[in-house]
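Colleague: Before anything else, here's the structure in question.
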Amino acid sequence: MVLDTIQQRISLIEEHIHAACERAGRKREDLSIVAVTKQVSAKRTKEAINAGIKNVGENRPDGLLSKRSEIRDDNVKWHFIGNVQSRKVKDIINEIDVLHSLDRMSIAKEIQKRAEKIVQCFVQVNVSGEESKSGLHPDELLSFIEELSNYDKIRVIGLMTMAPFTKDEDLIRNVFRSLRKLRDEISSKQFGHAPCTQLSMGMSNDYVIAIEEGATHVRIGTALVGTESEGDV
Ligand SMILES: *Cc1c(COP(=O)(O)O)cnc(C)c1O
């Protein structure tokens, strides 16, 4: 199959998603695709939206703000998926629908100060333990989430992680499985501020494994929108 339109790329991804849902006994509608557009223009982001994408993810404040103001579409939900500096929280927090990268109390404090309404957040966990990755150590997770009950602007809807960049599928699967276990532990506590039912995991290379392991949000960039420099869409 020649993937020369975004529509074709989405169709292929949907095929993979349906097959993975079937294998895992899951329903397609329990899963959202977040199209990660950090490497492409607002124009190409619009093409993805026209092809049916309803959730867009960016990892830098500038990219998020410029795309959002250019696109102005009330049907689109905006996801911030990157590491955010405390001093930048005020720029984005009232412009997004979901934050995937809450991993420090300094960010929580800043959200509490700046947000005009409750913010849906994923808490990011560094399951694989790689030094280069952001996120809480799994051992710190429970006390972090307990402490978040002091911040009524924050609702913890789930956990997020990034798998290591490797071809070792068992390793990737174990990371996703561990995040799911952590999610189950937290959600079983039935915290009012942290229902924690969702799992944001899986990118272009590993979203099929993530879905098999329970992802509710897959964050797909290059497989969906390509990169502008490829010139292939
Ligand atoms: C860039 C990015 C993605 C998407 O990566 P692809 O490999 O292009 O699908 C997903 N999640 C985060 C946090 C990212 O920074």
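Glycine too: its Cβ is placed from the backbone N, Cα and C atoms.
TrEMBL annotations: computationally assigned, not manually curated.
Note that the structure is a prediction, hence the values are computed from the model and not measured.
Checked TrEMBL, it gives:
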- 30-227: domain 'Alanine racemase N-terminal' (DOMAIN)
- LYS38: N6-(pyridoxal phosphate)lysine (MOD_RES)
Colleague: Do any residues at least six apart in sequence from LYS38 (N6-(pyridoxal phosphate)lysine), in the same chain, have a Cβ closer than 8 Å to its Cβ, and if so which, in order?
Modeller: GLY57, GLU58, ASN59, ARG60, GLY63, GLY82, GLY221
Colleague: Tell me whether the residue listed as 'N6-(pyridoxal phosphate)lysine' sits in a helix, a strand or coil according to DSSP.
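Modeller: Its secondary structure by DSSP: coil.
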